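According to TrEMBL:
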DOMAIN    6-208  domain 'Phosphoribosyltransferase'
BINDING   ARG79, ARG104, ASP131, PRO132, MET133, LEU134, ALA135, THR136, GLY137, GLY138, SER139, ASP200  5-phospho-alpha-D-ribose 1-diphosphate binding site
BINDING   ILE194, GLY199, ASP200, ALA201  uracil binding site
Amino acid sequence: MGKFQVISHPLIQHKLSILRRKTTSTKDFRELVDEIAMLMGYEVLRDLPLEDVEIETPITKTTQKQLAGKKLAIVPILRAGIGMVDGFLSLVPAAKVGHIGMYRDEETLQPVEYLVKLPEDIDQRQIFVVDPMLATGGSAILAVDSLKKRGAANIKFVCLVSAPEGVKALQEAHPDIDIYTATLDEKLNEHGYIVPGLGDAGDRLFGTK
Ligand code: PRP
Ligand code: URA
């Protein structure tokens, strides 16, 4: 079974409380998602491989460490995942970005895929799928299905708010992937929204409602 980790740094918890408030503006919401993604990225990228490098300080020659240059890809689930991309890119600016477009049918709660645009060598990359919300898990499961169908093998899923139902569904469907979340909330309501949650992440991020 892959790792399941709640990244509960005090800065993340503080920013998450502001993010959840219904009075938080679109501008602040966008900035907070960006900041939390960056703080989470610091932890999620902890396992990046290193290699030895010979360098010369003003004093002596020495062997030190540098990132091994493993190929990375950030894959946001549209729309709301877009809000987490820059936070990750600020840490690993050379990463490629793929996009998976998906929306949840509000009646059936089933995800509908409408776009998949990925780096050509996606099968060779360490992939970070990002989406602020893991609710029923339908969108995340379909996104990972979609990536695996194209040969992807090394996948981590990063969200801000998750529901127990979504975590369980994603773990059952894809036991090999690691899941990182900033908070594990209480439950889903009858409309498939996370409680207490933060509402509709896409609408709050882009100001569409
Ligand atoms: C939201 C969210 C996830 C999905 C989570 O997207 O960003 O992708 O719902 O729900 P699930 O776990 O039950 O699938 P939404 O469908 O609202 O699309 P949007 O980002 O375009 O608004
Ligand atoms: N999608 C959202 O944006 N919010 C939820 O609470 C559940 C799914």
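The backbone N, Cα and C atoms fix where each Cβ goes, and this holds for glycine too.
Among the binding-site residues ARG79, MET133, ALA135, SER139, ILE194, ASP200, the ones whose Cβ sits under 6 Å from an atom of ligand 2 are, in sequence order, MET133, ALA135, ILE194, ASP200. Spacing of ASP200 (uracil binding site) relative to ASP131 (5-phospho-alpha-D-ribose 1-diphosphate binding site) is 12 Å (Cα to Cα, whole number). Residues belonging to the domain 'Phosphoribosyltransferase' (6-208) score a mean pLDDT of 97 in the model. The full span of the recorded 5-phospho-alpha-D-ribose 1-diphosphate binding residues, ARG79, ARG104, ASP131, PRO132, MET133, LEU134, ALA135, THR136, GLY137, GLY138, SER139, ASP200, taken as their largest Cα to Cα distance, is 17 Å. ASP131 (5-phospho-alpha-D-ribose 1-diphosphate binding site) has its Cα within 10 Å of the Cα of these binding-site residues: ALA201, taken from ILE194, GLY199, ALA201. Mapped onto three states, the DSSP output places MET133 (5-phospho-alpha-D-ribose 1-diphosphate binding site) in strand. GLY199 (uracil binding site) carries neither a helix nor a strand DSSP state and counts as coil. Of the listed binding-site residues, namely SER139, GLY199, the sparsest CB environment within 10 A is found at GLY199. Considering only the binding-site residues ILE194, GLY199, ALA201, the residues lying within 10 A of ARG79 (5-phospho-alpha-D-ribose 1-diphosphate binding site) on a C-alpha to C-alpha basis are ALA201. Residues ILE194, GLY199, ASP200, ALA201 make up the record's uracil site, and a Cβ search at 8 Å around their centroid adds PRO132, MET133, VAL161, TYR193, GLY197, LEU198, GLY202, ASP203, ARG204 from the same chain. Of all Cβ atoms in the protein chains displayed, 27 besides its own lie within 10 Å of the Cβ of MET133 (5-phospho-alpha-D-ribose 1-diphosphate binding site). Checked against GLY199 (uracil binding site), the binding-site residues MET133, GLY137, SER139 differ in C-alpha distance, with MET133 being the nearest. Listed in sequence order, VAL33, ALA80, GLY83, PRO132, MET133, LEU160, VAL161 are the same-chain residues six or more apart from ALA201 (uracil binding site) with CB atoms under 8 A from its CB.
Taking Cβ-Cβ distances under 8 Å and a sequence separation of 6 or more, the neighbours of ILE194 (uracil binding site) in its chain are MET133, ALA135, VAL161, SER162, ALA163, ASP185, LYS187, LEU188.
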